[in-house]
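Below is one structure; the comments refer to it alone.
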Amino acid sequence: MEEEDRIEESSGAKLASPSYSGGGELRWVDGSEVDSDSPAWWPIADDDSKGGYGSLRSRLVKKPKRVDSFDVEAMQIAGAHGHHSKEFSTWSTLALAFQTLGVVYGDMGTSPLYVFSDVFSKVSITSEVEVLGALSLVIYTIALIPLAKYVFVVLKANDNGEGGTFALYSLICRYAKVNVLPNRQPADEQISSFKLKIPTPELERALSIKEILERTSSLKTVLLLLVLMGTSMVIGDGILTPAMSVMSAISGLQGEIPGIGSNAVVVISIVILVGLFSIQRFGTGKVGFMFAPALALWFFSLGSIGLYNLVTYDITVVRALNPAYIYFFFKKNSTDAWPALGGCVLCITGAEAMFADLGHFSVKAIQIAFTCVVFPCLLLAYMGQAAYLMKYPGSAGRIFYDSVPAALFWPVFVIATLAAMIASQAMISATFSCVKQSMALGCFPRLKIVHTSRRLMGQIYIPVINWFLMTMCIIVVSIFRSTTDIANAYGIAEVVVMMVTTTLLTLVMLLIWQTNLFLALCFPLVFGSVELTYFSAVLSKVLEGGWLPLVFATVFLTIMYIWNYGSVLKYQSEVREKISMDFMLELGSTLGTVRVPGIGLLYNELVQGIPSIFGQFLLSLPAIHSTIVFVCIKFVPVPVVPQEERFLFRRVCPKDYHMFRCIARYGYKDVRKEDHRAFEQLLVQSLENFLRKEAQDSALDIKLKEMDLDSTSVSSRGSGKQNASGNNELLIPLMQDNRLDEAATSTSEEASSSALPSSVISKEDPSLEYELSALREAMNSGFTYLLANGDVRAKKNSFFLKKLVINYFYAFLRRNCRAGTANMSVPHRDILQAGMTYMV
């Protein structure tokens, strides 16, 4: 072991000791010793480990392993950036609340255009029971789902201010190791936006759920499928929302202008949709300023017209606040009332946007806008329509425009059309964002992403998705030709997304919030039962058009799962076939070839180890670059990674090899829009900082040995380490490893050494200047991007279904997705590619 320790000091490598008795197979990974399996739980035997708390403590702390230099570096970098939750003044919050009207509530705000029309297409109005019953259903649906569920509960489950299905999934991924790719590192937990909550020691339920999730692969798959299903339905919403909103607004022309029939409405709707999707490439920044004022005017029109109708026609419809009318409604219309629920659910379309668009605003802003503006205006609008129907039940087919006073028809028509376009724009942008997040998590084929704003990173445009949505919208409008038929398809997508959110949030309550079991189960029992009721109602319309979102969801779910399945198998194949450190040491510093000036950036997906594609380059090229950097672009389950925490470096092999590992970390909301030249400069600058820090640490270690500290100070420092570990165990997050405690102690010791004389700090490794000059010389000679042009094939002994999925479907997606070189915007003259076949 003494010889191995010397190897570690010179090269950062450490051979696995034959005497190691821990569980799991040991393998070389960048010269460090890691387990291929999860480390065993390590019970702590001390005075505090008596009773149930000892069991909890033993499950919180894992068996310590060798501290990875990535972990120490990550802890030091994280201290440079404080990530704070968004805090706004009162006026800023009110301004944001006003802006949410144009982004968040466009879809829900346009629902009065078609809700009662769809409800009373299933149920005929024969008495006031139908009107009051439908109104009561709408009132309590809005009060229960958007108000009670989203405003007061779901919005609190944000991920550092980000919302949506992927935000919930990333929260769960941080507390339990259920990541899409098995590339989790303790260093990721030091990102300032990770923000793990501290578990309650007396509650073991959260740990039990965590261990079950990590141990059961089938549950991981189910969780992933849930998230992908929600994403697929959001994409389906991106097709149905523009078609439904625009057609509902334009249908007001029927009956107002002679000669305007359904064919004309279809043609005008298609023209507007083509124009709407054609301007997407310019971004919404130039017209976004008018969204909020336009929707504010729309909500004011809804509220004022509703109040006018309520006072003018029948104010007694306020009796619908009595939920007993829901019972009367179902009792009188036992057969038709159930399908009519599919129309009632349309009043909460867009409720998920309150959570999904949270990243652009704040929780308080969304809560204020809904409770003070949206909710009362919608209630007045529906009550006003119900009052009009009490006197004119024959107007149910086009109740919205018939209830508008004649003098206000054209202004309201213009505002309604504008509101429909804004609602469509918000859903299209949400679809782009959702696809981008799916790509970041490795669940969607790579596509071209265009950034339409230099100021706002969230404004993106995906051409392929845009033209696909436009084509599907035109087909939907052309086939269905009426809002009633489109509504049959519209409700399914909305309800499924809400059910996915309910399921994931329940898991967050049990795993992360550690909510009381009774309260945690009440959430899915109350809201889940309501959503299941609506889901059963909309499923009854599958044959009448409800099949459409199911087809969309199935297609996109299949694409995303196949892509994820193939990507995971490819990553596992790379891990199995990585080059051993023994082989690299045998090659020597020349790597068995000629080293020429320049920096070679070898892109791969491994967070540790030398990829097998590097061996292909050594065999294929007559020479290799003087400096090699293995670059891993890694997406971590946080919204944004601060720029100063982007890169982590580690040396691979001894110093004279000039080989490094670089992990570039991005969050699922991060936008990789930096030019490749800027990326190169940032990478080299970070590498220089790493070399200086490494030399400084080496000098400090040598000086400490020369000082020959007495045994008393060594003993006290060791005692302090144990005390620190003992104290930190009480605060350790659910997934944190004891290795980080040791890393923290190591970091604190280095920090305390700053009290040493400045001459000690400034003393650097004599080879540092040589390494820096060699790095600068290599940089001046240019960068070359070494990429793998890999093919993934199923093994011959694989099942037929696996061969079909990998060899045909996954291969088709890889051939037609955007190439990695295009994503990096690197000139072709700077790229070298080597062929590689991965057998999975």
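In case you wondered, yes, glycine gets a Cβ from its N, Cα and C as well.
The region 'Disordered' annotation in TrEMBL covers 1-35.
Per TrEMBL, the feature domain 'K+ potassium transporter integral membrane' maps to 96-585.
For 131-152 (among others), the entry in TrEMBL reads transmembrane segment.
The feature transmembrane segment is assigned by TrEMBL to 222-240 (among others).
Listed as Cβ neighbours of the transmembrane segment (260-279) (distance under 8 Å, sequence separation of 6 or more from its ends, same chain) are residues 242-243, 246-247, 250-251, 253-254, 417, 421, 424-425, 428, 466-467, 469-470, 473-474, 477-478, 481-482. Summarising the annotation, TrEMBL assigns transmembrane segment to 260-279 (among others).
For 291-311 (among others), the entry in TrEMBL reads transmembrane segment.
As annotated by TrEMBL, transmembrane segment applies to 337-356 (among others). Same-chain neighbours of the transmembrane segment (337-356): 104-109, 111, 114-123, 133-134, 137-138, 141-142, 145-146, 150-151, 154-155, 158, 163-165, 234, 241, 329-330, 366, 370, 378, 382, 423, 426-427, 430, 433-434, 487-488, 490-491, 494-495, 497-498, 501, 533-534, 536-538, 540-541, counting only residues six or more beyond its ends whose CB sits under 8 Å from a CB of the stretch.
According to TrEMBL, the transmembrane segment annotation covers 368-388 (among others).
For 408-435 (among others), the entry in TrEMBL reads transmembrane segment.
What TrEMBL lists as transmembrane segment is 456-480 (among others).
Same-chain residues lying 6 or more positions outside the transmembrane segment (486-510) and placing a CB less than 8 Å from one of its CB atoms are 114, 118, 145, 149, 153-154, 157, 165, 168-169, 171-172, 205-206, 209, 223, 226-227, 229-230, 233-234, 236-237, 240-241, 243-244, 247, 342-343, 345-346, 348-352, 355, 476-477, 480, 517, 519-521, 523-524, 527-528, 531-532, 534-535, 537-539, 541-542, 544-550, 552-553. Sequence annotations record features per position, and here TrEMBL assigns transmembrane segment to 486-510 (among others).
Per TrEMBL, transmembrane segment is recorded for 517-539 (among others). Long-range contacts of the transmembrane segment (517-539) within the same chain, counting only residues at least 6 positions beyond its ends with a Cβ under 8 Å from a Cβ of the stretch, are 141, 144-145, 148-149, 153, 205, 338-342, 344-345, 488, 491-492, 495-496, 498-499, 502-503, 505-506, 509-510, 546.
The list of residues near the transmembrane segment (545-563) in space but at least 6 beyond its ends in sequence, with Cβ under 8 angstroms from a Cβ of it, reads 224-225, 228-229, 231-233, 235-236, 239-240, 438, 442-445, 472, 476, 480, 485-486, 488-493, 496, 538-539, 805, 809-810, 813. Residues or ranges marked as transmembrane segment in TrEMBL: 545-563 (among others).
What TrEMBL lists as domain 'K+ potassium transporter C-terminal' is 597-838.
The transmembrane segment (291-311) shares more Cβ pairs under 8 Å with 408-435 than with any other stretch in the list 131-152, 222-240, 408-435. Recorded stretches compared: 131-152, 222-240, 368-388; the one with the most Cβ pairs under 8 Å to the transmembrane segment (456-480) is 222-240. Taking every listed stretch (222-240, 368-388, 408-435) in turn, the largest tally of C-beta pairs under 8 A with the transmembrane segment (131-152) is reached by 368-388. Among residues of the same chain six or more beyond the transmembrane segment (368-388), those with a C-beta under 8 A of the stretch's C-beta atoms are 93-94, 97-98, 100-101, 104-105, 108-109, 111-112, 115-116, 131-132, 134-135, 138-139, 142-143, 146-147, 151, 296, 299-300, 302-303, 305-310, 312-315, 317-318, 320, 347, 354, 395, 399-400, 402-403.
In the predicted model, residues of the domain 'K+ potassium transporter C-terminal' (597-838) average a pLDDT of 72.
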